[in-house]
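Worksheet: the structure to be examined is printed underneath.
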Amino acid sequence: MTSLTNGDAGSLNKVPTIKFTKLFINGDFVDSLSGKTFETIDPRTGDVIARISEGDKEDIDIAVKAARHAFDNGPWPRLPGSERARILLKWAEIIEENAEELAALDAIDAGKLYHMCRNVEVPAAANTLRYYAGAADKIHGEVLKMSREFHAYTLLEPLGVVGHITPWNFPNTMFYIKVAPSLAAGCTMVLKPAEQTPLSALFSAHLAKLAGIPDGVINVVPGFGPTAGAALSSHMDVDKVSFTGSTQTGRVIMQAAAKSNLKQVSLELGGKSPLIIFDDADIDKATELALLGILYNKGEVCVASSRVFVQEGIYDEFEKKLVEKAKAWVVGDPFDPKVQQAGLFLLFSHALIENVWKKNSNFIFVWFVIKRKYQHNLTYCFNRIYKLL
């Protein structure tokens, strides 16, 4: 990793060398069959970071075949749980050895704060592997007494090939939250990262191989939802699909799973997490919590507190203090340790957000800055505030 000083921000900008841009199938990085690629964009500047191989249905088919072969004929499901645990623990150590690079990849690919990635999310990824490593040798059956003469024995077995589809707001975190329990159980998998943030998933696939995960057990296929994602969720040889993302897409995935082979589905979808502030609350503490609830990770969180209900008697005071505190937040380069808020992810149109704000008078508009220059970086934050009469 190369460290550069950014003149605009006056901060340390740790720019990683992009090593992996191809599909990871059966233990190797390979081009897509079509040869197509797509751009991954740096939210800080709007510049292209790299061109990524674009997986389509045909690539998903190859990846699923690799995962199926690894499950039906490979060692992973047949290893003792203690041996799977040993490999997962080794992977956790390798993550910690590569923590700076993993954190920097999410900082440039998703615009996340580097220090949050380095000090919170990457250690959490390693600890997720350790947690499920501890469970790998504790998957036991049960003996049930059915009657005086008979006992029933239940045996828990790996499910099979799992398809994982991860979101763009927590790329590294969600990769490990999905992969770790599947591996501990002895499953094999195909993972499609969000097309906006594929870099840390591809790097993690490389780390998995270093740790000793057998070929075909983990396959990573970057691509788009309507092509790669649809192929994965409707594939007849995938036994389960796990998706984190929008409710709308979750419905589509559930339908595809039902129409194909009735595969099992796990969905973690978007939601609203309103705050209710009554007039006996500590206003300073309430505004701090409301601000953190909407500004954490730039508000790009499925449980962001994007609605606040405030009792009428304290509404004006609450609104004033919320705006004052929001304006004091430091916006800029995500590699600068003094920065509290990086630029909005470019998945969203700045013009669209401006239009929403203008049409909704009960949005509190907190701050604007301009894109491309860190000290003028265009960032938005607003809570929808309602009076409780």
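Positions of Cβ are set from backbone N, Cα and C atoms, glycine also.
What TrEMBL records for 30-341 is domain 'Aldehyde dehydrogenase'.
Counting every protein chain shown, 15 other Cβ atoms lie within 10 Å of the Cβ of Glu268 (active site). The active site annotation in TrEMBL covers Glu268.
Across the domain 'Aldehyde dehydrogenase' (30-341), the model assigns an average pLDDT of 94.
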